[in-house]
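Contents: one structure, followed by commentary.
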Amino acid sequence: LRGGGEVGKDRCCPNSLFGMGNPLLDISAVVDKDFLEKYGLKPNDQILAEDKHKALFEEIVKKFKVEYHAGGATQNSIKIAQWMIQDPHKVCTFFGCIGEDKFGEILKQKADEAHVDAYYYEQTEEPTGTCAACITGDNRSLVANLAAANCYKKDKHLDLKENWKLVEKAKVYYIAGFFLTVSLESILKVAKHASENNKLFTLNLSAPFISQFFKDALMEVMPYVDVLFGNETEAATFSKEQGFQTEDIEEIAKKAEALPKVNKKRPRIVVFTQGKDGTIMTKGDKVETFPVLKIDQKDIVDTNGAGDAFVGGFLSELVQDKELEQCVKAGHYAANVIIRRAGCTFPEKPDFH
């Protein structure tokens, strides 16, 4: 996985990590069981809002104490990676679509504060997307109303010369599977660029519904994937949908690794997290398990963003050409920090070595 012979800090040039996804404003609140039942939500899940959820967004604001955080899976990971890197600023680029409205302004401001180079495609047809994070105990049920995020257009944004230049500057790319529901052609354009130039393209399985209902799109992108992320639930659904005929997570990882791949210069790496259980990673023909950092149950404030944080930590080391073991370690560190706080937020500086 090592890049060229760059040394020290210079390896992290501005715009060397590129992310594209659904920018959402998280509206998070601790809710009760009745609220989940009313809207037919599972305590731990991620779904796209349907008509029956429309009233949920108003009710959660009226009924509970809400906090607003800049969110969206890819944007979270990119922000965490930038936070872990610290200097220089704007190592991370982010593309996504927002509305010209108050929530869009908040997202721009938050990206700026996080020192992320965010280039949003702004349009007026749809408002900025939101995601209700309904928290009960240490579970979180996420309901995303994509709205503007769903309006990302390759020809209106990604293809523009000045924007594509930023894509070309990157050496590591990350897109959460959620974006497969928005713009498959944008993902493929980036993925093919990475593959043709022997750069690293990374993807997240993101949620069980992606492997189920967007299977064709997912499998169109899979041949370009150098690093595949997911958690144990997503891995199990992926295995079922692919007919792997196994529920053993190590076997699933091996089979995912062995799926067809365009760029033969790099073996595919598969990384599956399992909450408080060890993270597993394929390496050649073996699968290794890495224990997560211990945390006392009472120190867990909110697990929302833990998976995104893991990926962000991992990417922050990957973009600096560090060993894979070090990438996992950074992922565990970032997730451990995030679950002690509300939303996907972090202290001023990381304490990671």
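Cβ atoms are placed via backbone N, Cα and C, with glycine included.
The following features are taken from TrEMBL:
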- Asp308: active site, proton acceptor (ACT_SITE)
- 35-347: domain 'Carbohydrate kinase PfkB' (DOMAIN)
Exercise. Could you please provide the mean pLDDT value for the domain 'Carbohydrate kinase PfkB' (35-347)?
Key: 95
Quiz prompt | Other CB atoms, at most 10 A from the CB of Asp308 (active site, proton acceptor) | solution = 27
